Amino acid sequence: MGSGTRMEEGGGGGDGFVSKFTSSFIKMEKALNRAFSKCFLGKYFKLEARKTCFTREFRAAMATFLTMAYIITVNATIIAVSGGTCSTADCTPPKSADCVVKPNAGYETCLAKTKSDLVVATVVSAMISTVAMGLLANLPFGLAPGMGPNAYLAFNLVGYHGNGGPLSYQTALAVVCIEGVLFLLVSALGLRGKLAKLIPHSIRLACAAGIGLFIAFVGLQSNQGLGLIGPDPSNLVTITACKIVDPVTGACLGGRMQSPKFWLGLLGLLITSYGLMKNVKGSMIYGILFVTFVSWFRHTGVTYFPDTPLGDANYNYFKKVVDFHKIESTAGVLSFSDFNRSEVWVALATLFYVDVLAITGTVYTMAEIGEFVDEKGNFEGEYMAYIVDAAGTIVGSTLGVTTTATFVESSAGLREGGRTGLTAVFIGMFFFFSLFFTPLFSSVPPWAIGSSLVLVGVMMMKVVKDIDWNNMKEAVPAFATMLLMPLTYSIANGIIAGIGLHIALNFFDYASSTIKWFRNMRRMVVKEQNQVSATTTAAVDSTVEII
């Protein structure tokens, strides 16, 4: 009995220690929050006015960063498909015109370095833009190069390894830079919201869904994703996931649906999907982490480091784990020499249009979720928020990446209670720390990225419910926009088709409205002329009477 008493006392002592430690920690947290709220930074970020505190803002920043950290590797992987500044000059001899699309150790080594450059460029542009959002707009939003513009540059403007696109990587970056300058100008003049409203509502929604389909289509292919879809001589595309693939054409040579990399990537897709179903924070990166970790083991069917000279070189770089990588090939390479070509201006108009819709809409949506919007539809920091993301695009283009955008993943931090720019500053700090792990971020395989691209497409499709499918004037242009983006492998083609069909289907209404407007104007002019004539006649009569 004495022994039992001693055990109870021991247990009670342990519980007492935990209780005291918890109580002490809570007191320290409250003291820290109270002290920070009263200091200069606390007052600058208006912590008390927005009913938040230091530790809550920190937790919110962690939630946002975990949910958007996938963009570091995803963005670098997508833009690297363009080949960056790599060319035939980087190929291992004997060099040929098609060495950039065939397996070539020299060119693939250049691509690996370019991807590392793009990882750093993504992190730096995200860090600068997010911190600026916090300091200047005092809003808890995370920014980074957005999905959509990166795919447009890689697949439509430049093409796979610089083939099939109308522009070079250098010229495409110059287009992004000019678009950022225009974006900054319309933001400074307060025209962003007005421009977005000029586009038909159904087309705006269809653009988001179409880009989502396009991104998901990319994520299902072998070069950039899971490898489920490949070329077919009869049907253009078909199901592949083959164990043996032609390295040049990508055609299936045997073992359809037997690729171990596909099945591993599919498992990653299920892990991420299950996390999203259960609202687990950071779900978008858990599937990527699992697939990547398995792929880092050598001498397996799914390894990212095969027993080749390039695989050995990538593995040696990966083993460094911690390394600060300097941008060597993508920064400051903008070229304005080809701006006399029509393709440049089409690309500029497309990027500008997509960004006015997507980025402006996302910023406003995040402000609504955070309950910052007042009864007039405005929110504090709105003007500077638009200025910051436009300036971020200019910074990103000079580093080698595409349009900077406010991420919808910022809603994760808003749900955790983030209400001020301090959240954004902490997110920027997390991006800064990730700069020192470039070897790890550069070693994420495409079959790990593919699942996240598919799920990004899933999340972008939810807007279709707001399209009025019973109204053919809205449904037909919207459907054409969504359908043609993936099928023509061009975001621009989908936008042009949607707007063109909208104008064609509404031509009679536009013509009728124009004719009515001219008739009303004519009546007003005739009425004013009659009034002037009547006044003049009256004045003459009165003058005659006086005489």
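Positions of Cβ are set from backbone N, Cα and C atoms, glycine also.
Of the candidate ranges 34-58, 234-258, 384-408, TrEMBL annotates residues 384-408 with the feature transmembrane segment. Counting Cβ pairs closer than 8 Å and at least 6 residues apart in sequence, the transmembrane segment (344-364) and the transmembrane segment (167-191) reach three or more and so form a contact. Contact count against the transmembrane segment (447-464) (Cβ pairs under 8 Å) is highest for 203-220, out of 118-137, 203-220, 384-408, 420-441, 476-505. Contact counts against the transmembrane segment (420-441), taken as Cβ pairs under 8 Å, peak for 118-137 among the stretches 118-137, 167-191, 384-408, 476-505.
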